[in-house]
Structure formats: C-alpha cells, structure tokens
Amino acid sequence: MEYRSKLNELRKKIDEIDEQILRLLNDRARLARDVGHIKKKHNLPIYVPSREQKIFDRLEQLNREFGEYFPTDSIKPVFREIISACRSTEENLKVAYLGPRATFTHQAAIEHFGQAVEYIPVQTIKDVFEEILKERADFGVVPVENTIEGIVNYTHDLLVDYTLKITGEVILEISLHLMGINPDIKQIVRVYSHRHALAECREWLMKNLPHAQLIEVESTAKAAEMAKDDYESAAVAGEAAADIYGLHIIEKKIDRHTQNFTRFLIIGKDIPPASGNDKTTFVFSVKNEVGALYKTLEPLYKHGINMTKIESRPSKKEAWDYIFFTDIEGHIEEDRIRNALKELEKKSPFFKILGSYPKAH
Ligand SMILES: C=C(O[C@@H]1C=C(C(=O)O)C=C[C@H]1O)C(=O)O
C-alpha cells in the first residue's frame with residue numbers, strides 16, 4: 001500500500017506544477033495582449049513569424065541544457081499552441097487553405113499557425129489566393145511540391161500572376177495511418193482512401209487486411225468522414241483526419257517504405273522581417289543567347305550567396321521560353337541579397353521576388 005501514498009504525493013506535486021504553468025500562461029497571455037496594443041497603435045503586423053521562430057529555437061536549445069526530461073521534439077508543438085492562443089488575444093487571424101478539413105494542407109496550416117486561428121477551407125488553390133486578395137483571409141496555405149509527385153504547377157503559376165508573397169514554408173512528412181472508430185482490426189471489412197494513398201499502402205493492406213474491400217474516394221479527408229460512423233470501416237488518411245473525425249489510429253504509418261514529404265507555402269500580403277535563418281524565392285527569365293542562364297546567375301556567385309534550388313517552367317508567353325523559380329539562402333533585408341538581386345534583375349527580361357521567409361526545419 002505504500003506505493004499508493006507515494007503515487008498520491010507525486011500526483012499532488014504534478015497538480016501544483018500544472019497550477020503554476022496555468023498561472024504563467026495567463027501572465028504570458030496578458031503580456032502578449034499588451035504587445036498587441038502597442039502594435040495596433042503603431043500599425044505594426046500582429047503576427048510576426050520571425051519572432052515565433054526565434055522563440056522555438058531558443059527554447060529547444062534551452063531544453064537541451066535542461067537535460068531533456070521533457071522531449072525536445074515536443075517543444076515546438078506545445079509552444080506553437082501557447083503562442084497561437086496568446087496571439088488570438090491580440091487578433092483573430094484568418095487562414096484559408098486548400099480544403100476540405102483534415103487534408104494534409106490543413107495539417108500543415110495547423111502545424112504553422114496552431115489551433116487558435118480561424119480556418120477557412122476552400123476548394124481550389126486559386127481560391128486560397130483570392131481569399132487573401134479579397135481580404136477575407138490574412139494568410140493562405142497551399143501545397144507546392146512533393147517528393148513523389150513533383151512540383152504543383154498551379155501554385156507556381158499563381159505565384160507569378162498574383163502580387164501576394166510567400167511568408168513561410170512547412171515541410172510535412174506524409175504519413176498514412178489506418179484509422180477507424182473501432183480499434184479492432186479483425187472487424188474491419190472496408191477500407192476507404194484516395195487512390196494514391198491506397199497504392200502507397202497496398203503492401204501492408206494485402207498482408208494485414210487481405211479480405212477487406214478497398215474503396216477509392218476523392219480525398220483522404222473524405223475517407224475519414226466515410227469511416228466515422230461505421231464500425232466495420234477504416235480509412236487510410238493523415239493524422240489531422242483522425243483528430244478531426246474522432247477516429248482511433250489503428251496502425252501508424254502503413255505506407256512504410258515511402259520517403260513521402262510535401263512542402264507547403266504560407267502566402268500573405270507582405271514580406272515578414274528577417275528571422276536570421278531565412279530563404280528568398282524569386283523568379284526570372286533569361287535572354288535568348290549563349291550562356292544566358294550562367295551570366296544571369298553570376299551575381300549570386302559574386303556576392304557569395306548559396307542557391308538551394310532552381311526549377312524551370314514554361315513562361316506560357318512564347319513557345320520554348322522558360323522562367324526559373326529560384327531559392328537562395330538569406331533575406332531581402334540583407335544588403336548582399338538586395339544588391340545581388342538588383343544586379344540579377346538588370347540582366348533579366350522578367351524578374352519578380354516571391355518572398356523572404358523563415359526556413360522550415
Ligand atoms: C506577442 C507577440 O505577438 C505574436 C505572438 C507571439 C507570442 O505569443 O510569443 C509572438 C509573435 C507574434 O506573432 C510579439 O510580437 O511578441
């Protein structure tokens with residue numbers, strides 16, 4: 001019986017600590033609200049991703065010094081929600097994303113902004129851009145490339161056509177889970193999912209649910225919705241779908257062999273200030289002459305700037321005419337970046353900065 005009193009004693013201490021955490025959360029929210037008042041008075045943006053990124057980096061570092069009894073991987077998810085909730089006392093951010101609810105884009109949006117914002121699911125990538133332009137949303141979230149499917153052309157085209165800016169990025173590992181209201185896999189007779197998701201999990205499904213009927217639906221989110229009221233059904237979908245539709249994850253990551261990552265962009269009206277660990281994305285075209293690409297990119301080399309990516313797309317203005325989507329390390333606020341891009345712009349018939357934003361980890 002002695003262990004019981006020990007257990008009670010430990011639980012009492014945990015309750016006391018929770019109370020202290022709660023008091024501190026209230027203190028924190030009050031300070032964030034005061035920051036919000038100053039920002040509003042001076043017409044400054046409420047949402048400052050660079051500041052949020054610095055908070056995560058500092059706390060992860062501190063946590064390592066504290067001995068990591070609390071897992072460092074959990075610092076960002078916990079503080080993301082604390083910051084999201086504190087921010088919501090300053091302003092109600094509206095975020096449009098490629099829906100419906102529970103898609104991977106929704107998951108990426110939650111990973112970036114936390115739960116305490118108003119989410120607006122829309123039907124197309126273009127609608128995400130339109131919601132911001134029409135001031136129905138402050139920010140938007142769209143997929144831009146996947147390690148298996150390649151780039152999302154439509155997002156690239158819209159970035160050229162619209163005046164909006166990339167203000168952030170999220171890289172998500174696309175993990176597909178088997179989920180349902182019934183945790184007992186032996187009773188599952190139907191599995192719903194998107195065609196691609198079923199294909200990626202085929203091996204696991206054949207081995208573990210050889211008699212189940214596999215049913216294709218238009219999205220993994222829809223699959224979760226189909227499974228939510230049926231004891232004999234399961235869905236293959238992402239984690240957000242399990243949360244939103246209240247499903248148990250029966251088996252985690254059944255797409256076992258795949259290296260499946262998607263990069264999402266956060267878009268908004270203005271370029272956020274530098275965080276110290278940023279990326280700049282721009283697009284340019286080249287003259288039709290020998291060595292044009294090499295010559296146009298020379299200023300990057302001259303100013304010691306690291307180019308992390310270059311991707312060509314048809315310009316759609318003339319046949320066989322291309323534009324180049326380019327990522328470099330650094331922020332447009334930095335002199336060397338600004339100077340290099342000014343020189344590059346002079347050499348290009350078409351040039352546009354698409355954004356400077358904190359790098360995803
Ligand atoms: C409190 C602020 O406003 C927002 C909320 C933050 C927070 O809760 O820590 C951080 C950055 C901002 O997005 C701030 O700018 O410091």
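All positions are counted from 1 along the displayed chain.
Using N, Cα and C of the backbone, Cβ positions are placed for all residues, glycine too.
TrEMBL assigns the feature coiled coil to residues 7-34, out of the candidate ranges 7-34, 91-118, 119-146. Mean pLDDT for the domain 'Prephenate dehydratase' (94-269) in this predicted model: 94. For the domain 'ACT' (281-358), the DSSP-based tally of helix, strand and coil residues reads 24 helix, 29 strand, 25 coil.
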